[in-house]
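Visitor: Per TrEMBL, domain 'HPt' is recorded for B:38-143. Among the features that TrEMBL reports, phosphohistidine is placed at B:His79.
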Amino acid sequence: MAITADSRSQFHVLAVDDSLIDRKLIERLLKTSSYQVTTVDSGSKALKFLGFQEDEQGNPDTPFGSPNNHQEVEVNLIITDYCMPGMTGYDLLKKVKESSSLRNIPVVIMSSENVPSRITRCLEEGAEEFFLKPVRLSDLNRLKPHMMKTKIKNQKQEEDQEELKISEIQSDEQQQPVQPPSPQPQPESQPQPPPPPPALLLQHNNNKRKAMEEGLSPDRTRPRYNGIPTMV
Amino acid sequence: MEVGQMQRAWVEYTRSLFREGFLDAQFQQLQLLQDESNPDFVAEVVSLFFEDSERLLADLTFVLEQQNIDFKKVDAHVHQFKGSSSSIGAQRVKNDCIAFRNFCEEQNIEGCLRCLQQVKQDYYLVKSKLEALIRLEQQIVAAGGSIPMEELSS
């Protein structure tokens, strides 16, 4: 499937802000830019909408094996306020990036305060952009490239699953000492996605081992999101 | 008044609000987001701002009347007020909030009370200006005219 400018309206953005005024504003900004928008007023509602499960927290990498684990509603990007009561935008970002099923969704943080350490912290945690509030139409031009990336990633998801099984075997071999590290392939030039970083594989193997020790099935099925009223 | 006259009055009035610092460029952003599919966008956001502001002013007045002032609460309210005023482009209110937060950080009661009076005054002032502007817009539309947005930039 070719991705053209026309497919922009298919991009679905989840906007999170505790301020009603700012929700109205970001909704209008995104709709004017032809995106589909869902707004929620808290980080926990955002996670619910994404079908996030609390028990994922302790075991962030287990659901790798279940390919039927797609979200009911596809979200191509999350844009969230930083300063919110309860779960902050930073907390939400962390939860998304720690979740194997959600971590591919790009996250953009908005904040009214220009605090460099805060910006660095968010970018280090995996945020794609940091927007100073009030957000302007011109800022939204920076969203599209991030969404294109996920579209491509999602299309390759099936491939990824295969790739993972192969790299899992490879990683067992890599437990042998002294293997020169192979150069990282560039995603743009390679038709195949790059293998996941070693840390990920290691965690995955550990989890698998743990799961086997405890006699649990690693492909637990996870209930999907349903029944939350939304404003799409 | 005929439509052309009202439109000229609208342009003049809007310009004066920017010139006198009641509103800043963010308000223009709101105006840009209003179109045929969303003819009441500015009025909607502005009325949300009124509701929000009046609740925050009441809360601030209450907190600052207490024997032991909870400055964290004061700061949280002012932070919200600063956010909403900057989102709609109410520049004077936003600037008052910045000064307010500084006094709050110093736990300066006198300073906080002075800021509360100032922000109240500036809020009610910009409220009446915005109400007048929106009334004029509604009159223009009711008379079959359109809001001459493009003339603002010339």
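Any Cβ shown, glycine's included, is placed from N, Cα and C.
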Visitor: What is the total of other Cβ atoms whose distance to the Cβ of B:His79 (phosphohistidine) is within 10 Å?
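Guide: Other Cβ atoms found within 10 Å: 17.
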Visitor: Just to confirm my parser: what is the rounded mean pLDDT across the domain 'HPt' (B:38-143)?
Guide: 97
Visitor: Please report the three-state DSSP label of B:His79 (phosphohistidine).
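Guide: It is helical.
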